[in-house]
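Right, one structure below, let's go through it.
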Amino acid sequence: MSQRTLVLLKPDAVRRGLVGEILGRFEAKGLSLVAMELRTIDAEQADQHYAEHVERDFYPPLRTFVTSGPLVALVLEGDEAVEVVRGLNGATDGRKAAPGTIRGDLSLSNRENLVHGSDSPESAEREIKLWFPDLP
Ligand code: CMP
């Protein structure tokens, strides 16, 4: 079933010049680009996006990281897009993510792991509304 998902190419992806490489993987897979914007977010937007993590020990440095520079927010669409994107992204920790995945090939960190993908269709709906409220 065709689905939409919210993806962030985090500030490490922009700083390292990996936006084209990562976007290329999503495009090559066959996902369609529905919205895309380079944006620098403040702490409030970070807290809204990561609402389920704000109380976790790892959150304060994560907030510092995601607000540290521009990131690219995108909405991708395609068959089972939520699961497909999570598969392409790989496990959260880049050191443990399988080779062939974005994090497995390009990240050595649990925090600076290049990409975010919505973890369920319900999260995707909430996150797309948060990042792109005017998207039809
Ligand atoms: P993301 O998929 O955006 O969802 C939550 C983010 O928190 C995750 O990617 C990582 O960037 C970060 N994260 C999750 N677990 C940890 C952890 N144990 N230590 C540091 N950062 C983490």
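The backbone N, Cα and C atoms fix where each Cβ goes, glycine too.
Here is what TrEMBL says about this protein:
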DOMAIN    2-136  domain 'Nucleoside diphosphate kinase-like'
BINDING   LYS10, PHE58, ARG86, THR92, ARG103, ASN113  ATP binding site
ACT_SITE  HIS116  active site, pros-phosphohistidine intermediate
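Shown here: features listed in TrEMBL, placed on the structure.
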residue : record                                          : Cβ within 10 Å
LYS10   : ATP binding site                                : 24
PHE58   : ATP binding site                                : 10
ARG86   : ATP binding site                                : 18
THR92   : ATP binding site                                : 14
ARG103  : ATP binding site                                : 24
ASN113  : ATP binding site                                : 24
HIS116  : active site, pros-phosphohistidine intermediate : 20
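Proximity to HIS116 (active site, pros-phosphohistidine intermediate), defined by a C-alpha to C-alpha distance within 10 angstroms, is shown by the following binding-site residues from LYS10, PHE58, ARG86, THR92: LYS10, ARG86, THR92. Residues from the binding-site residues list (LYS10, ARG86, ARG103) with a C-beta closer than 6 Å to any atom of ligand 1: none. Across LYS10, PHE58, ARG86, THR92, ARG103, ASN113, which the record gives as binding ATP, the greatest C-alpha separation is 21 Å.
Following the DSSP three-state reduction, the secondary structure of HIS116 (active site, pros-phosphohistidine intermediate) is strand. DSSP assignment over the domain 'Nucleoside diphosphate kinase-like' (2-136) gives 59 helix, 28 strand, 48 coil. Averaged across the domain 'Nucleoside diphosphate kinase-like' (2-136), pLDDT for the predicted model comes to 98.
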